[in-house]
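For reference, the structure is listed below as structure tokens.
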Amino acid sequence: MILIIDYIGIALEFFVFQNMHIQKRAVGTSVCNGFLQEPSILSEQKKHKCWRRFMNERAINRAYIPTPHEHVANCLTHGCLIVPSFIAAQRLISRAKTPEQYWSSIIYGNALILLFSFSTVFHCSCFHPTYRDSQLRHLLHRIDRAVIYIFISSSYTPWLLLRSTQTISTTTTITIVWIMALLGITFQILFHERYKLLETCCYIIVGLLPAIVIIDMVEYDGLFEMGVGGFVFLSGVFFFKSDGIIPFAHAIWHCFVFLGAAIHYYAVYNYLIVPTSQKIDSMTRNNSPLIK
């Protein structure tokens with residue numbers, strides 16, 4: 001009987017020993033796997049941190065705070081266009097020959113200068129730590145957003161002043177366009193950064209609604225460029241709303257603004273602010289019958 005009990009004890013000890021050995025091997029394997037996987041995990045974390053260096057968290061119902069790299073990009077992408085905008089405005093004004101062309105050049109040219117200048121001043125104020133959360137910075141942000149409405153209305157003004165329409169009154173349209181701009185500016189002042197999606201929709205509505213009158217115009221020269229420029233602006237809205245999602249999103253939006261403005265300027269310079277003799281020749285060619 002004692003011998004049987006001894007055998008049972010030896011068997012139990014062997015079973016316990018085997019289980020402990022298996023558990024140790026399992027723990028060792030998992031630890032080894034952990035050590036094997038750790039470099040790849042660290043690599044992914046490093047990549048993520050490296051990527052995040054160029055972008056902060058997305059802001060909700062408040063202004064997005066760019067990273068230092070984004071601050072520099074935001075300042076440079078519009079800052080380098082201030083001097084060219086002055087030159088472009090001066091060339092338009094010097095090219096004007098009639099009072100309508102002169103006033104169209106002044107309105108549109110100054111809007112270009114305001115757009116790039118206030119954008120740069122605002123982003124420079126954000127870059128400086130002293131003014132990053134000051135009242136001056138908030139004021140400049142409101143002005144920067146308000147200037148967008150002025151720029152949109154000013155972009156349509158030369159077309160509405162210098163082109164005839166078939167049925168729609170251009171005078172009435174100009175009045176409506178600028179009233180919409182004033183309403184947008186008022187909304188921007190009162191509800192700044194509170195309703196971001198509605199704010200973007202207001203920009204799009206003010207930018208697209210006057211296009212109905214453009215289609216009604218008698219002459220079609222330059223309207224293709226006008227449409228392409230508008231498409232570029234609309235495409236850039238995706239990046240305008242991607243702060244915190246895409247690094248340098250706002251700087252990319254600035255590039256779309258520059259490209260769209262350049263296309264519109266080309267159209268205004270070549271099809272609207274032209275000498276009277278060239279305009280008459282163009283109209284004659286458009287109205288002449290085809291020679292068969």
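Residue numbers in this text run from 1 along the chain shown.
Glycine too: its Cβ is placed from the backbone N, Cα and C atoms.
Going through His123, His138 against TrEMBL, the one listed in the Zn(2+) site together with His250, His254 turns out to be His123. Close to His254 (Zn(2+) binding site) in the fold, though at least 6 residues off in sequence, lie Asn74, Thr77, His78, Ser119, each with a CB less than 8 Å from its CB. Of the binding-site residues His123, His250, His123 has the largest number of other Cβ atoms within 10 Å of its own Cβ.
The stretch from 146-162, 168-190, 197-217, 223-240 with the most CB pairs below 8 A to the transmembrane segment (252-273) is 223-240. One way to see the shell of the Zn(2+) site is to take the Cβ centroid of His123, His250, His254; the remaining same-chain residues with a Cβ within 8 Å of it are Glu70, Ala73, Asn74, Cys75, Thr77, His78, Ser119, Ala251, Trp253.
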